[in-house]
Amino acid sequence: MSKTAETVWSNCLSFIEDNISTQAYKTWFEPIKAVKLNDNALSIQVPSKFFYEWLEEHYVKLLKVALTKELGAKAKLVYIIKMENTYGNKQPFTEKIPSSNRSQMKDQEVDVPLKNKSPELKNPFVIPGIRNVKIESQLNPNYSFDNFLEGESNRLARSAGYAVANKPGGTSFNPLLIFGGVGLGKTHLAHAIGVEIKEKYPEKTVLYISAEKFTQQYIESVKKNNRNDFIHFYQIMDVLIVDDIQLLSGKAGTQDVFFHIFNHLHQNGKQVILTSDKAPVDMIDIEQRLLSRFKWGLSAELNHPDYDTRVAIIKNKLYRDGVEMPEDIVEFLANNIKTNIRELEGAIISLIAHSSFNKREITIDLAKKIVDNYVKYTKREVSIDYIQKIVSDYFQMDVDTLQSKTRKRHIVQARQLAMFFAKKFTKASLASIGSQIGQRDHATVLHACKTVDNLSSTDKQFKKYVDDLNKKLTL
Ligand code: ADP
Ligand code: MG
């Protein structure tokens, strides 16, 4: 049987696909083409240097295992980087891009003859009458890459954001859509990209705007009969950042105007950065033609930060505020506020304020009180018994089996999931959760929570269990 580059690579791909998340697979492996096979060396073509660096940094081990399985111990991988300036025949990144649009998008920036078109630029940020030629970016300099801590949960979005900041309009990440739940850093990252671009390319016109404000300005422009000026203003941006685009849902007029602005910018190789609290597939009441454009570039998710990232974020915040806090309290916070970084920061600020106003030491008790105020428990508190029942049903076992002392992997996992959800959905202490789920101690419960956290970010089947159960428990 003779091996070809294609067959070898396709075998590697099926192995890789089983070992990483779907999103990561789509993003980093689907665009790769197998080019040739010489003895033990497989050459693959990747779309850019950034791509190659990313693969080397994050997937080199996996690639090695996959390739060794196919070609033996002497297997070698050769990267061929597609020239970045040949956008015209470039493989679309995540979605099919109409070739007419693609071919117009050159790395070399197209000179837009806009400047002469309309001598007077109406800036909707400026009160009429007051001439202001310089466009303020509306960026918050406090949101930088430096203080946007990196973790497993944000690595893709952060790196893609950084790549975009280095080469606005010049990567395949256009638009870059950052999506994720409340308080996970979308606004921070969007600003950081803008701030970085301004630092590297001070001459570029960068604008940050929330979709809400954009909508208001649009409505205003219709009232004042200067819709064209409004469009024109946005079309001269080099970099346009629109935050919370899910807010455009149901607003047909604003979507329409945004569609035109988007097309103009994209066709001229300008960078568009969007954020949303939902993935494009889950957006409702957004026109199809707009949705399909959102998918042209890269959609990168901000996930819930894992334990280590939460600890790092807390410590960084304390460090910046010049406050010291005992390690056990840092751990307590990181263990109890998991799904929202804004709540995590709020709890820290409030803790510091309480202790300094009342001249009290920061203690675990105080931390507990404050966390109670910051963590939104689900309205109907589910009981630990109910959680065990739902988890056992889901895995088709009975509660006794779930609680038994067995080390069988699938039973251990079910038990760990029950502990994890008990921690998440009830106010019970680790010790009390342990005693109710098969007489375990608090360390076992803590370990279970961390294991579930870790597995859900590395094992997609396991993540599905977590998501399914989460849905069942929050119905
Ligand atoms: P979103 O827009 O997703 O609701 P924000 O960007 O407003 O969330 O982030 C909420 C808070 O959490 C902000 O104060 C932000 O600085 C902080 N934050 C989010 N992600 C990180 C991170 N990776 N490192 C440090 N701080 C972060
Ligand atoms: Mg936000």
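Note: Cβ is positioned from N, Cα and C throughout, glycine not excepted.
Just so you know, TrEMBL annotations are computer predictions that nobody has curated.
For reference, TrEMBL has these:
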- Gly183, Gly185, Lys186, Thr187: ATP binding site (BINDING)
- 172-300: domain 'AAA+ ATPase' (DOMAIN)
- 383-452: domain 'Chromosomal replication initiator DnaA C-terminal' (DOMAIN)
- 1-97: region 'Domain I, interacts with DnaA modulators' (REGION)
- 356-475: region 'Domain IV, binds dsDNA' (REGION)
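Taking Cβ-Cβ distances under 8 Å and a sequence gap of 6 or more within the same chain, the neighbours of Gly185 (ATP binding site) are Phe148, Asn154, Leu302, Ile341.
Counting only same-chain residues six or more apart in sequence, the Cβ atoms lying under 8 angstroms from the Cβ of Gly183 (ATP binding site) belong to Thr339, Asn340, Ile341, Arg342, Glu343. Sparsest Cβ environment among the binding-site residues Lys186, Thr187 (other Cβ atoms counted within 10 Å): Thr187. Excluding the listed site residues Gly183, Gly185, Lys186, Thr187, the same chain places Gly180, Val182, Leu184, His188, Leu189, Thr275, Leu302, Ile341, Arg342 with Cβ atoms within 8 Å of the centre of the ATP site Cβ atoms.
The DSSP breakdown of the region 'Domain IV, binds dsDNA' (356-475) into helical (H, G, I), extended (E, B) and coil residues amounts to 85 helix, 0 strand, 35 coil. Each residue in the region 'Domain I, interacts with DnaA modulators' (1-97) gets a DSSP state, and the totals come to 47 helix, 18 strand, 32 coil. The secondary structure of Gly183 (ATP binding site), as reduced to three states from DSSP, is coil rather than helix or strand.
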